[in-house]
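Asker: Let me give you the structure first, and then I'll get to my questions.
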Amino acid sequence: MKTQQSFHVVAGFVCFPMSKTSQSRCYSTLRDFLIPPSKQKFVPSSGTYPKGFLAAGAHAGVKESNTQFRDVALICSKTPCSAAAVFTTNKFQAAPVQVSKQVLEAREGADITGVVINSGCANAVTGKGGLEDAKSMSAKVDECNGTPSTSSKGPSTLVMSTGVIGRRLPIKRILNAIPVAHSNLSSTHKAWLNAARSICTTDTFPKLLSRTFTLPSSPNHTYRIAGMTKGAGMIHPNMATLLGILCTDVPISPAALKPLLSHAVSRSFNCISIDGDTSTNDTVALLANGAAGGQTITTPSSPNYAAMQTVLTSFAQSLAQLVVRDGEGATKFVTVRVLNSPSQADARAIASTIARSPLVKTALYGRDANWGRILCAIGYTQGIQVGTVVPERTSVSFKPVDGSEELKLLVNGEPQMVNEERAARILQDEDLEIVVDLGGGEKGGEGMAGEEGIYWFCDFSHEYVTINADYRT
């Protein structure tokens, strides 16, 4: 007898029941957005978006196999913005990365009007023709905005692309889609969600967040921040690790915006890893149009700077964690926290090494409390100070999400009697925290706390191999 499946819609996307291990992946062909049940909770049903910003998505057919689904997104501001961005360190920087850098440099981070993004083709390693394609995308948006790129400062729109490397864009189709997207620009939640959906590739759900907050100088004044990201594979920091667009209506000068973003990225997008690969296209951009009014943040010494830094960093961390939760084939969201290190740099290096380890990631997928693999990763971490890792001081434990007592695996270099049944129960949960205590945090013998490093990562499953083996086919 056939069982009847119930289909429903979350925020305009089809959702359906699936097996625990199965996930809907677009691979290299965009298709209807089937959101796995376990991911539906991450898709917002509403939002509060920054004043003066508009969003939209449109269909261009960047991939010939995509005959109807949106693959071009626009984020525009009604008034010029301050803007800053952090880019990939990959030597093969994609054309949109190079063009966006040029736009920001020519305009000194001021008078930026928006961002245009396409999915389905990375426009990376495409030579001079690829650069011209990226420039034409920026110019087309400027034309639609009524701000021609013929000004002495050049174009005012940033460009991002994601997808397969080494192929030219179907630029005519994209240039035809940009005016369509522009005509659909809106401040509604649906418009923002459509834009977030348009930039997805192997993502199983659109990653969109929005928040309201206040600042010390105007405690009764409401400000807003919104952001979207895409990314599920080729994720490892060196920044930025993916595509991210953040917008706020707080008035912030270009001089203050760049350090705000750099600090936030270093503690969010640069603290995640899915597979250890750094893309050619990684970009995270922050736009601030000041539409909400109030006192302008001009320097790090401005009254609202510290509070804005806290808001932005927390928001960026939430966005970055969504990327990990949608890691290709992932079944686990893992936090690794390294405590009592002589320096934060060493703590982060160790956390990063654990997060990248294929042996750690596969053990977690197999629900195997194989702490020896964690110790191995700690021990071969490169670039840390002599004496940071002392086996006789090192402790490792699993911290359950239910708040129960930590499961101690290693204490001061001594292996513990591990209750394997409890370990298996802990590893059944989607979320897990690994705590590494280096026991070397005392400074000057005064018992002061040492430095901490944190990373978020996911496991490796059979599906990760399937997705990436089939990516171009």
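Keep in mind that glycine also has a Cβ here, set from the backbone N, Cα and C atoms.
Among the features that Swiss-Prot reports, substrate binding site is placed at THR201, LYS230, THR241, GLU328, ASN468, THR473, with the record citing sequence analysis. Under the heading active site, nucleophile, Swiss-Prot lists THR241.
Quick one: how deep are these features, and who are their neighbours?
Answerer: Residues within less than 8 Å, Cβ to Cβ, of LYS230 (substrate binding site) and separated from it by at least 6 positions along the same chain comprise SER119, THR162, ALA196, ILE199, CYS200, THR201, ASP203, LYS207, LEU242, LEU243. According to DSSP, LYS230 (substrate binding site) sits within a strand segment.
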Asker: Let me know the DSSP-derived helix, strand or coil state of THR201 (substrate binding site), please.
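Answerer: For THR201 (substrate binding site) - judged by DSSP and reduced to three states - the answer is coil.
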